[in-house]
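What follows is a short report on a single structure.
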Amino acid sequence: MKPFLRWCFVATALTLAGCSNTSWRKSEVLAVPLQPTLQQEVILARMEQILASRALTDDERAQLLYERGVLYDSLGLRALARNDFSQALAIRPDMPEVFNYLGIYLTQAGNFDAAYEAFDSVLELDPTYNYAHLNRGIALYYGGRDKLAQDDLLAFYQDDPNDPFRSLWLYLAEQKLDEKQAKEVLRQHFEKSDKEQWGWNIVEFYLGNISEQTLMERLKADATDNTSLAEHLSETNFYLGKYYLSLGDLDSATALFKLAVANNVHNFVEHRYALLELSLLGQDQDDLAESDQQ
């Protein structure tokens, strides 16, 4: 091949590759990963000052430790959050919300029996604490107790049938019992709902009503700012990951769980359990291992 023709061939190939990469970047829906805000940092500093003072009753100190733990958790600082929750519980052992968080952490670590006990404690202290049914249901789901998981997640769904994510978690549990029946129940829940919340688009994808491309187009159109985009992506990528996992497509599932985590929406259920899914899939790199141990 003559030098000039060879150069033209290489230039054309590079141009086509560049166009392909550019096209991919333009079509991909991405958000800037969420970062700590100045307001959150100021609140943490103020909490530290208040906790350092001695002018707090035990109840006030326990409550403030809990609130700081919640803030740490939202920033992904689970070791610090767990330390605050443990201190709060040592002062006031009757705080159901603290047991709820500790149960979530135990589930993420794969310590399911201890997680069940934590959520049992939540409901003993406050039978109306409905999110304990969600979190215990998820722990039972990952712990392989499918029928018990269904019972808890059904109770959680019945508390608000218009919440699409309650239907999705119930479907995931029932899918392990009878996939065909689970999809029919999901369809009934969709038809009965008001369909106002964004997550019903994910349900429509699960039902085969819309394509993945349409789902992502709706996601992009619905997001009002970067925060809502990051949240929607965390949710959507997690449930897409579960969908592909059910098809046996481990590579796609793994990639989607990583994308769910990448948005840093630390306090979302989908972020928490995308990490667990990656661990179960063998993606236990150092950062995942540290997360499970905290």
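Heads up, the Cβ atoms here are built off N, Cα and C, so glycines get one too.
Database features (Swiss-Prot):
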| type | residues | note |
| --- | --- | --- |
| SIGNAL | 1-18 | signal peptide |
| LIPID | C19 | N-palmitoyl cysteine |
| LIPID | C19 | S-diacylglycerol cysteine |
| REPEAT | 62-95 | repeat 'TPR 1' |
| REPEAT | 96-129 | repeat 'TPR 2' |
| REPEAT | 234-267 | repeat 'TPR 3' |
Residue counts (helix, strand, coil, in that order) that DSSP gives for the repeat 'TPR 3' (234-267): 26 helix, 0 strand, 8 coil
The repeat 'TPR 2' (96-129): DSSP-derived helix, strand, coil residue counts: 27 helix, 0 strand, 7 coil
Arithmetic mean of per-residue pLDDT over the repeat 'TPR 3' (234-267): 97
Within-chain partners of the repeat 'TPR 3' (234-267) [C-beta distance under 8 Å, separation at least 6 from its ends]: 31, 33-35, 73-76, 165, 168, 172, 175, 199, 202, 205-206, 212, 215-216, 219, 273-275, 277-278, 281, 283
Secondary structure content of the repeat 'TPR 1' (62-95), with strand meaning DSSP E or B: 27 helix, 0 strand, 7 coil
